[in-house]
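Beneath this line is the structure, given in structure tokens, with notes to follow.
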Amino acid sequence: MTEVTKNDFTEEGKIVRKIRSFVRREGRLTKGQEGAITECWSNMGIDFVEQMLDWNEVFGNNNPVVLEIGFGMGASLVEMAQNSPEKNFLGIEVHRPGVGACLAAAKEAGVTNLRVMCHDAVEVFESMIPDSSVSTLQLFFPDPWHKARHHKRRIVKAEFAEMIRPKLIEGGIFHMATDWENYSEHMIEVMNAAPGYENIATDGDFIPRPDERPLTKFEARGHRLGHGVWDIKFRRNA
Ligand SMILES: C[S@@+](CC[C@H](N)C(=O)[O-])C[C@H]1O[C@@H](n2cnc3c(N)ncnc32)[C@H](O)[C@@H]1O
């Protein structure tokens with residue numbers, strides 16, 4: 001596995017600090033997570049390289065591609081891959097223990113339509129995702145960066161919306177979900193202002209949780225406590 005981020009340099013060779021949507025908090029991997037990476041990486045892991053992926057080569061077929069950014073421990077991603085064998089799934093997560101947990105779950109479930117990367121998804125998009133090739137992009141419960149002075153770290157922003165649009169097929173969907181109301185409003189604001197998208201909601205800005213997005217334990221607990229979850233789908237229309 002390669003490094004999770006790469007640095008940019010000025011012409012004089014100085015490192016340029018990028019504003020990222022995450023902080024490195026590696027933590028220890030359990031034996032199971034480490035073992036799953038060692039065992040499964042050659043079949044299911046994709047290393048970061050500055051070269052566009054060829055989906056047919058990656059998955060061995062031309063099924064629609066669903067990409068998920070920040071899958072956490074991967075439980076819902078593995079479940080979705082299991083439920084939709086007619087689609088291909090690529091999960092991108094910077095947190096190595098999460099990648100290990102996802103691979104362990106994928107192995108246990110026996111899914112063959114799932115690949116994972118351990119790298120900054122923004123860099124993966126810029127360097128490896130071909131134009132007009134992604135049918136759905138999923139971003140579930142991204143770090144909300146609560147404090148106003150940290151809002152610049154939120155992954156959903158104008159440049160991000162602009163960068164991912166050409167990667168989606170025409171009619172492709174960007175599906176977001178958050179349990180933080182202020183972030184849901186921010187998502188709507190950014191996406192409404194971004195050219196080339198339309199909100200698919202017919203009643204207000206939000207949609208009910210679609211069946212394809214599994215309910216997580218964390219979310220079920222939130223429901224019981226009366227917390228809200230906002231699902232948002234924007235379609236590429238130009
Ligand atoms: C709040 S967690 C949510 C995890 C999972 N989607 C869930 O619902 O349980 C957000 C995750 O996004 C990951 N993340 C944040 N920015 C990322 C980026 N630029 N590329 C890849 N993963 C990222 C973090 O490491 C973290 O695991």
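Each Cβ is built from the backbone N, Cα and C atoms, and glycine gets one as well.
Annotated S-adenosyl-L-methionine binding site per TrEMBL: GLU68, GLU93, ASP120, ASP143, in sequence order. Residues or ranges marked as substrate binding site in TrEMBL: LYS147, ASP179, THR216, LYS217, PHE218, GLU219.
This view paints the features noted in TrEMBL onto the structure.
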residue	record	Cβ contacts under 8 Å, 6 or more apart
GLU68	S-adenosyl-L-methionine binding site	LEU77, PHE89, LEU90, GLY91, ILE92, LEU137, GLN138, LEU139, PHE140
GLU93	S-adenosyl-L-methionine binding site	ILE69, GLY70, PHE71, GLY72, GLY74, VAL99, CYS102, VAL116, MET117, CYS118
ASP143	S-adenosyl-L-methionine binding site	SER21, PHE22, GLY70, ARG153, ARG154, ILE155
LYS147	substrate binding site	none
ASP179	substrate binding site	PHE141, GLU219, GLY222, HIS227, GLY228, VAL229, TRP230
THR216	substrate binding site	ALA75, SER76
LYS217	substrate binding site	none
PHE218	substrate binding site	PHE141
How many angstrom lie between the most widely spaced Cα atoms of the S-adenosyl-L-methionine binders GLU68, GLU93, ASP120, ASP143? 14
Pairwise C-alpha maximum, in angstrom, for the residues (LYS147, ASP179, THR216, LYS217, PHE218, GLU219) that bind substrate according to the record: 26
Result for ligand 1 contact check over binding-site residues GLU93, ASP120, ASP143, ASP179, LYS217 with Cβ cutoff under 6 A is GLU93, ASP120, ASP143
Counting Cβ atoms within 10 Å across all protein chains shown, which of the binding-site residues ASP120, GLU219 comes out on top? ASP120
